Amino acid sequence: MNTVAIKPVAATAGAASGNHAPKVVSQGVKVFYGEKEALHGVDLDINEREVTALIGPSGCGKSTYLRCLNRMNDVVEGCRVEGSIKIDGDDIYDRRIDVVQLRARVGMVFQKPNPFPKSIYENVAYGPRIHGIAQGKNELDEIVESSLTRAGLWKEVKDRLDKPGTGLSGGQQQRLCIARAIAVSPEVILMDEPCSALDPIATARIEELIDELRENYTIVIVTHSMQQAARVSQRTAFFHLGDLVEYGDTSQIFTNPKEERTQAYITGRFG
Amino acid sequence: MSSTLVLAVVLLMMLASFVVGRQRALATAGGHTRALHSRPPYYGSYVALWAAVPALVLLLLWVVVEPMVVDMVVRNSLPDDVRALPPDKLSLVLTIIDNLVRGRATVGDVPAYAKEAAARQQSLHATASWAMAVLVIGLAAIGFFFGARRIAPTLRARNHVERAATWGLVACSAIAILTTVGIVCSMLFETLHFFSMVPPQDFFFGLVWDPRFSAAGRDGSAGQFGLIPLLWGTVFISLIAMLVAVPIGLLSAIYLSEYAHKTVRAWVKPLLEILAGIPTVVYGFFALSTLGPLFRDIGASVGLDVSATSALTAGVVMGVMIIPFVSSLSDDIINAVPQSLRDGSYALGATQSETIKRVVMPAALPGIVGSVLLAVSRAIGETMIVVMAAGIAAKLTLNPFDSVTTVTVKIVSQLTGDLEFNSPQTLVAFALGLTLFAVTLLLNIYALHIVRKYREQYD
């Protein structure tokens, strides 16, 4: 995928890490719910094939920002987005962009596992079917198998693909949702607190998976757990009260934050 | 003393017991509420319950049993030759006595023994009333003293009162259940009576419905009581009704729950539900005066022979009547599909219609089937529309333009009219009713089973 070079990293960002190019470039993103302004102009560049963690206390706007990236806020009544978000140089809020195609490029995994009440196979095949990705049954089978394999679920479910997805354990359901998102081969995967409904073992399994997926996908993850942000991400953005307070390399944010508020949050003095 | 007066006295005593019990509890605790196990009103209720409940139970029993006892005593005191009369004559005598007691006018000569019996009945009744008043009020007083004596700060009045309340609730639900059981039993006995006159296989598998009203009561005039034409009429009309109601109801539910703007929904849903509040006789009127002639004229213009009262008219009007059931229930069920499933589908790039077709509807399907089945059982029980729109001729026909009739219509027409009660012509109504009851009961059980199974999936 060719990336279009756009202006340097945002003002608050620290030194760019490594040689990854920005995949998502957002400038002055404001979100309104009715009259209320939930995000006050966020400038944030997300690098390709890295994990970017969004942290901050509840109500800080991190999930709101995440949902701007695949325009899931369109579904919310009375929600309005200003500013520009470009993925590979395409403004995703441009009139010419079809939201269906955008969401095929930007997949999403939710806080609570939400498999469809269908079989495991049908859950994964859902995306490819509606986008007409597979030619024939064999190709669809391959997509399902490779998606489940990449989500680390194939071995556990290969003998019961026709069983309902809702019958799996919480951790397995969440990996099924990740497989479902991968099946349409997106470029970016958004994860909204993907482990908050899971036990520690399932959480560790998902974190491992996120680390493996980094090779092929750009991942943005919202999390309440600072340990998780520190473990899985390369870059971390700290949000507070609708502002992006600080953005930089994860190691720098957690060891040597520049902002007072970041320091206070990561050491647990508020939040 | 009349039973109403006794009831009023007992209720007054109950009120007084409450006040006394409350005061007494406070007094025993020396005015310190904290020293009591329960709060003072519970002690009041405790005494009030002791005063009222046994007395009211006795009163109820007395009111039910007393007339029976008095009747029996009076009847046994009649002269032997009167008691030996055949049942119908005897019942005539008893009616005369009853009329005398109530002071109504009687026809013809009143025999002396009847006057005597009437006088005896009146005096017995007067004595019994006084006995009842004394016993019931006495029992209330005993209950009051018993309850009041037991009041002490350690008495767990709240637990006792709450247990009594639980039993009250149990009694109420028992009444509802017992009524159902009573209805079924009364139908069952009459049905068995009917089957002693007409063999069950002739009823369940008979293809002809011809009860021969005019010949009723004469020998060898059993008539033919074939259930099949009526059952077919019911099924046929319900089928047409569902063909109208399911698509319209379901699609409007989808529009309301998925597409309609909040303000539109706030207006349209109550309007649709108004349809459910229209009395069915009004629908029948509409079918009879407007839709039936319309269908007949349309039929005539395309060369079809459509009868003014036809299965089609009844089915269509019944379908319209059922639309709100289907749409309202389906709307609730579609709304119960979690938003997270829709989000999951949108996030994969599905459009709204794809999401509805592939995620929302399959998830809601069991519930929708349940709601449709409930609507079907409603259609099966409908009578008024059919009488007015489909006629009363029991025909076994596949032609929707012909008139047919249903089980419910025949129940009405068999039971209304001057017929002796013991003839199969009348008793067949109970057999029909029981059959209908069994069918709708099974449908409802099945529907509830499906709806419940669906609920478990998301809770």
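Cβ coordinates are placed from backbone N, Cα and C, and glycine is handled just like the others.
The feature domain 'ABC transmembrane type-1' is assigned by TrEMBL to B:231-447.
Only residues 6 or more beyond the boundaries of the transmembrane segment (B:43-65), in the same chain, are considered here, and those with a CB under 8 A from a CB of the stretch are 3, 6-7, 10-11, 13-15, 17-22, 24-25, 36, 132, 135-137, 139-141, 143-144, 146-148, 151, 155, 157, 160-161, 164. Marked as transmembrane segment by TrEMBL: B:43-65 (among others).
What TrEMBL records for B:130-152 (among others) is transmembrane segment.
Residues or ranges marked as transmembrane segment by TrEMBL: B:164-189 (among others). Within the chain carrying the transmembrane segment (B:164-189), a Cβ under 8 angstroms from the stretch's Cβ atoms is held by residues 49, 53, 430, 433-434, 437, all 6 or more beyond its ends.
The annotation transmembrane segment is assigned in TrEMBL to B:230-254 (among others). Remote same-chain partners of the transmembrane segment (B:230-254), defined as residues 6 or more beyond its termini with a Cβ less than 8 Å from a stretch Cβ, comprise 209, 272, 311-312, 314-316, 318-328, 330-331, 334, 356, 361, 368, 372, 375-376, 379-380, 386, 390, 394-396, 400, 404-408, 410, 432, 435-436.
Look at TrEMBL and you will find B:274-295 (among others) tagged as transmembrane segment. Counting only same-chain residues 6+ beyond the ends of the transmembrane segment (B:274-295), those with a CB under 8 A from a CB of the stretch are 306, 308-310, 312-314, 316-318, 320-321, 323-325, 328, 382-389, 401.
Look at TrEMBL and you will find B:302-326 (among others) tagged as transmembrane segment. Away from its own ends, the transmembrane segment (B:302-326) comes close to residues 233, 236-246, 248-250, 252-253, 272-276, 278, 280, 283-284, 286-288, 291-293, 295-296, 371-372, 374-375, 378-379, 382, 385-386, 388-391, 399-404 of its chain (Cβ-Cβ under 8 Å, at least six residues beyond either end).
Among the features that TrEMBL reports, transmembrane segment is placed at B:427-448 (among others). Beyond its flanks by at least six residues, the transmembrane segment (B:427-448) meets 184, 187-188, 190-191, 193-195, 197-198, 203, 211, 225, 227, 230-231, 234, 369-371, 373-374, 376-377, 380-381, 407-408, 410-411, 414-415, 421 of its own chain at Cβ-Cβ distances under 8 Å.
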